[in-house]
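Enquirer: Mind having a look at this structure? Questions to follow.
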């Protein structure tokens, strides 16, 4: 028997009476308000969670309208399929969870997908009479719905299915959405497996020439913590409540280098510890930087079922004046004027792509959209950025919403060098095309390897299409496009280095080529300074000037050796080095200028499992690290996270000069199957180091999944205390 269909706003949060007696299912159902894709390409998806036990009352018609009706009888909803209630009938709970792709969400709350049926069993004290009895669901409590409660539009349909026990009622609910109406529909299964289901990923950092990667535990289940707090409304799409500046969001940003009041951003191993701290304390967590903001956004959006990936842009411009160019100012001697250089170029910047339709834009702009939770500039008065169509960025259509001009400048602005003349005015002496927005990187859907997606953000560098996009964009900038000499003169600079390894002497070099038909007398100016990854530089600690004569068609090389004791006092956590070189031809006045950014590479953490991995049983992990520096590491902190793994709290460690650190940490696998353990260590002397361990966990005496089971967790905690395991850290997923 099927009830008539009701709009969602009527179905949730109201007492719906029909003929005969009406059972009101008082439920705390949480419908997470994102329209999400279905893994069956024909159906859409929604995430719903239910408490482990939900009560209902069956009222007779004569009692309707009274203030305190006496129930005709009471009963109990046992659980959604997949729960562990001891009285729940056993048919295929695992299969139902697998069908919803939520088998690893081992919370006591069942999680189901929009567009697929979910089932409730109701045990009644007498047989159900479909001619005289009716049932409806009433949403109660925060997240329970009601009009304006963040519930997706559409129609809820309800059906009864037969059951062998006349006192047992099987109740199914679903909300069919045609593919064309699904705002975040994605068809490819491989893409969905990576961009919705994958709980561990890689985030890229470093520099264009020295790309580094770190593992990150997303742990989607923890996204429910933030959503339950109501941090995601319709007005903050550009940051999804992750930064704290406007809406008391999850993270406080800090780029000062002083993290004494919180956690160094480089020390986080994933989103889970951050979201749990936010959930427990109710206050923004200190501290985050761009990759931390992006990692948490990925967690939350994947939790909602929105396909999301973490994206790194190298040589990422921060255009402060909407000129859509990156401007660098020099004095008469080609010394950088840092007070005027308000436009910065970040070594790397991390944001998110999420997959969605854009009905607010003309046709052709659906697909990947940029959202950036890092608070850089305000958008409509809020510190957020996006959603911004990647297609619009590629075509330079900066007039399309939201924040397309800012994102375009990050990936495709020209780098313009200005020199102050004798009269105090500035003139363009060099334009470097193609220096901004390099090797844009993310993880592909079929392997954890880096893939380059620069072609999605801009046309091939120097092509007619790319120059047309730049021209279109800059025509909407804050000032008319100023063109000076492009990088097509006689002089060409190339900058490079030997291995840039922390603790060793650096070998830097500048090579100039004269492609003209006459010799040129050149004046070189070299400047070396520490550089934060955001592009903010310290005063130079080494400056050199050289003169060279370069024959027609010839080359000259200028070298700079920098020993570790000279650069180590200037380089801190997440800092690198920047070599700026400028060469001026005395005969023609031609200027060539270029920068080289260096990241000092560090060893990885080695991780080894010291025994069999059995669900619910403690096993030790050995962490090895070789200190490459001729100085002691102090105040270092090690954190570990892993989806489906209980980990210890963070631990402080130290390591002597050139010594090897050996540390054993206890972990407990909570789910069977392939597990990935992520570790991060941060020290003031060396900066961040990372490691990852993959292993297969086998089922234990309590089954293949003890996460969320109170009895098993209690035994595990007691066992952990006996063995000296530290409580507190963990993580889930």
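Cβ coordinates are placed from backbone N, Cα and C, and glycine is handled just like the others.
Residues annotated as domain 'Transglutaminase-like' in TrEMBL: 282-375. As annotated by TrEMBL, active site applies to 290, 349, 372. The Ca(2+) binding site annotation in TrEMBL covers 412, 414, 461, 466. Residues or ranges marked as region 'Disordered' by TrEMBL: 460-489, 695-733. The annotation compositional bias 'Basic residues' is assigned in TrEMBL to 715-725.
Map the listed features onto the structure and describe their local environment.
Expert: In the three-state DSSP scheme, residue 290 (active site) is classed as helix. In the shown protein chains, 27 other C-beta atoms lie within 10 A of the C-beta of residue 290 (active site).
Contacts of residue 349 (active site) defined by a Cβ separation under 8 A and a same-chain sequence distance of 6+ are given as 290, 312, 313, 316, 318, 374, 410, in order along the sequence. DSSP classifies residue 349 (active site) as strand under the three-state reduction.
The DSSP secondary structure for residue 372 (active site) is strand. Cβ neighbour count for residue 372 (active site) (all protein chains, 10 Å cutoff from its Cβ): 30.
For residue 461 (Ca(2+) binding site), the same-chain residues lying six or more positions away in sequence with a CB closer than 8 A to its CB are 433, 434. Taken residue by residue with DSSP, residue 461 (Ca(2+) binding site) is part of neither helix nor strand, so it is coil.
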Enquirer: Look up residue 414 (Ca(2+) binding site) in the DSSP assignment and report helix, strand or coil.
Expert: strand
Enquirer: Counting across all protein chains shown, how many other Cβ atoms sit within 10 Å of the Cβ of residue 412 (Ca(2+) binding site)?
Expert: 25
Enquirer: What residue among the binding-site residues 414, 466 has the most other CB atoms lying within 10 A of its CB?
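Expert: Comparing the binding-site residues 414, 466, the most crowded Cβ belongs to 414.
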Enquirer: What average pLDDT is reported by the model for the domain 'Transglutaminase-like' (282-375)?
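Expert: So the average pLDDT across the domain 'Transglutaminase-like' (282-375) works out to 90.
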Enquirer: Out of 412, 414, 466, which of these binding-site residues is nearest residue 372 (active site) by C-alpha distance?
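Expert: Ranked by Cα distance from residue 372 (active site), first place goes to 412.
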Enquirer: Taking the recorded Ca(2+) site as 412, 414, 461, 466, identify the other residues of that chain whose CB atom sits within 8 Å of the mean position of the site's CB atoms, giving them in sequence order.
Expert: 413, 433, 434, 436, 437, 458, 459, 462, 467, 469, 470
